[in-house]
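To start, the structure itself, in structure tokens.
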Amino acid sequence: MAWSIALLTPPFFGPGRHVQAKEYREPRGCVMKMSSLKAPVLRIQATEYREPRGRVKMMSSLQAPLLTIQSFSGLRAPSALDYLGRPSPGFLVKYKLAKSSGREKASRCVPKAMFERFTEKAIKVIMLSQEEARRLGHNFVGTEQILLGLIGEGTGIAAKVLKSMGINLKDSRVEVEKIIGRGSGFVAVEIPFTPRAKRVLELSLEEARQLGHNYIGSEHLLLGLLREGEGVAARVLENLGADPSNIRTQVIRMVGENNEVTASVGGGSSGNSKMPTLEEYGTNLTKLAEEGKLDPVVGRQPQIERVVQILARRTKNNPCLIGEPGVGKTAIAEGLAQRIASGDVPETIEGKTVITLDMGLLVAGTKYRGEFEERLKKLMEEIRQSDEIILFIDEVHTLIGAGAAEGAIDAANILKPALARGELQCIGATTIDEYRKHIEKDPALERRFQPVKVPEPTVEEAIQILQGLRERYEIHHKLRYTDEALVAAAQLSHQYISDRFLPDKAIDLIDEAGSRVRLRHAQLPEEARELEKQLRQITKEKNEAVRSQDFEMAGSHRDREIELKAEIANVLSRGKEVAKAENEAEEGGPTVTESDIQHIVATWTGIPVEKVSSDESSRLLQMEQTLHTRVIGQDEAVKAISRAIRRARVGLKNPNRPIASFIFSGPTGVGKSELAKALAAYYFGSEEAMIRLDMSEFMERHTVSKLIGSPPGYVGYTEGGQLTEAVRRRPYTLVLFDEIEKAHPDVFNMMLQILEDGRLTDSKGRTVDFKNTLLIMTSNVGSSVIEKGGRRIGFDLDHDEKDSSYNRIKSLVTEELKQYFRPEFLNRLDEMIVFRQLTKLEVKEIADIMLKEVVARLEVKEIELQVTERFKERVVDEGFDPSYGARPLRRAIMRLLEDSMAEKMLSRDIKEGDSVIVDVDAEGSVVVLSGTTGRVGGFAAEEAMEDPIPIL
């Protein structure tokens, strides 16, 4: 009958593992039980099977590599366990030996008493000792191997004490080999313990009992080793110059210190505490306030006074702080704790303690029914007996449903009687939405809490709050904040971060700005970073050389490594001197300025709020010329848009309205949509930065919901609206409503609040901010009027005649717009811009732009294209149509140029690297001439081009 206790190797250490004890009854009443190890590392499953002739055997099945501790019995006569650990002829023989040993039944249960109490570190020591035995080739584990295991474990109390005495693993191994030498090399799978080692394990159990511990750790093993006093381990310690009595003293001292730390950390409670449950599941805010660990609370005087008034009531003395997230509800409770700590409160609450309850900790670990209720009742009983406790529950709506299982009641219902009778003074805090969703649904709970509204502070109040918090953030980030930075944080967060609330968003701004400035000053110099990169490469090459046993190369790499480390140290020292000089020059080190706050806001929102640089100033002043490179003519529209952008960029626009809102009216193909694209590409980064809504998709009444999102219960409710979601993601953008007259009239009703207030509420009730968007609507209304009056507008008229004609047409188009759109819609627009019809001269300039696009596409294929003046005139003649604008021109270029080029490229007459000239012959036919052949399509170059004037 063989027994073994199997231990997993270190990779299997981890929480939540255990050994399940299996009891097995032998014949004739001999009862034994497998060791139920409590160490969090093992999972041994015992399986039982019956051998022939009635013998019963139990094997431990383990799904991992294992080490075994076998036949533990101590120094007395051999016991049943000693023989059970070895192969044996039969059960009756073993039982007789057990009877003849004369030991009590308790002595046979030593393994159970021992190993179920081993800590993770102690098990690791035993495993390491067996590994040391294998390394030395010994087929036993003695005291010397246990000593080596204690040193090798590295993290326990025993290892720390031995290290402090100057005892290391390398020297100890040398001493052990000097004394006992190396073994034969053949080591059995199961390595037994020597009698002295068994004695050490027994003594470690006694030491643990004397210290009042119900576990055996590495420190107890070391104490047992010292108490045994003889054996190889004692000689090793003596040779290394260690004093056993001194080691014992140090171990006991460290054990005592650890116990003190554990008592102070474990929930803050101690054996003498009158409120162990409260201290375990709560945090004493008053104590933190006395220690100065809470942030100062600025303002909020009316709210704190109202809370004190409610707390002084006889019944229902439970205030509930209600406000938006981030307005400072928790800060009011902390402010009350600070006032109590300083004595600045009425006598009704003087000397009381504010404790914040951690609901998550209270619920955590309550596996069985009744555990949560028991904890909560203990908590309430402690508060009732003390009569000096004010309980603060943040996110008080979590009470509803907390701990409720099938057939159980939740925390809110348990607390209701105490809240109503005044036995429990409780401050709750929750958001407006959660209060409506959870607490208002339960009128019985709602009447027990007295609501205290916590409004969002104004910008001026937020600035005062930031000034009060400045010192804490300066100490944390080791820098200074200027007054301008604090003012900018409050103002810019209020203006540009619309989905959050003051003062939280302003505090986050100064916090992140401080982090940015500190990291910027802490960066390594560029030279040091390069050297660090070289050092990593050299170290890698050195290690590879060592692995390949190229020691000469490894030596040269080592020398270079030393040189690089010295260079890095020199660079860092120089950098510190420079930084010190800069800090002295700046009078106090790094400083967070207004520009740092502006940069963080721009990073968060994508809105450029930094001060306008000189480069950007010149760019804004030259905006008209830049836009005219893409949009030909239409000076009025280009000037109006440029004025709006300049106004917004310097901060002179109305902060409660969009940057600008225009309606572009004119005939088709004159550049209405092209101007919006050009503006998006020039100022907002790219054409993709524009939100384009084709209003022909919103012709039916029900499609209006696509803009703001479907109502609840309809398909697409969770996806949000096309307009609102796009603006929420990119608040600084251009929104183009193309062909606005095609939309259903209800769309215009929805746009009224966008144009006036710069805001829109989506289907989920969230407010979307349009204050940083540029709204452009295009329309073809009035195009018939422009077409009729266009005959009197042309390049053959003088300047005054053209202006008067344009003004007359603009007034006519405006009248048509008034007939089509409602007055309240048109009245909210900043400007109604009428686009002129294109003249032939303007069409010629547009032809240049379109031909350049074709040239650019051919350059990708390494083909150089030139066109003559005659060809360009031919394109303009065919593509000019005042009624249709520039779109016929695109069709003419496609037909005359692109089709001819495509045919020649497919026939391989034009290949990569060719230079191509496109001209028109005397008969008006298009001729494509290649620079490599000189003749393409049957015409010589000199015949076709009498006077070629390439423009591109």
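Using the three backbone atoms N, Cα and C, a Cβ is placed for every residue, glycine included.
Per Swiss-Prot, ATP binding site is recorded for 323-330, 666-673. In the three-state DSSP reading, Lys329 (ATP binding site) counts as helix.
Residues or ranges marked as domain 'Clp R' by Swiss-Prot: 115-257.
Here the domain 'UVR' (532-567) has a mean pLDDT of 80 out of 100. Annotation comment: Swiss-Prot describes 532-567 as domain 'UVR', evidence class sequence analysis.
According to Swiss-Prot, the region 'Repeat 1' annotation covers 118-183, on the basis of sequence analysis.
Sequence annotations record features per position, and here Swiss-Prot assigns region 'Repeat 2' to 193-257.
The annotation region 'I' is assigned in Swiss-Prot to 278-525.
Feature annotation from Swiss-Prot assigns region 'II' to 592-783.
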- Item | Contact call for the region 'I' (278-525) against the region 'II' (592-783), three or more Cβ pairs under 8 Å | yes
- Residues with Cβ closer than 8 Å to the Cβ of Val670 (ATP binding site), same chain and 6+ apart in sequence? Gly633, Gln634, Phe835, Arg836, Gln837, Leu838, Gly885, Ala886
- Query: Lys329, Lys672: which of these binding-site residues has the highest Cβ count within 10 Å of its own Cβ?
  - Reply: Lys672
- Counting other Cβ atoms within 10 Å, pick out the least crowded of the binding-site residues Gly323, Pro325, Gly666. Pro325
- Note on the structure: The answer, for which of the binding-site residues Val327, Thr668 has its Cβ ringed by the most other Cβ atoms inside 10 Å, is Val327
- Message: Can you tell me whether DSSP puts Lys672 (ATP binding site) in helix, strand or coil?
- Response: helix
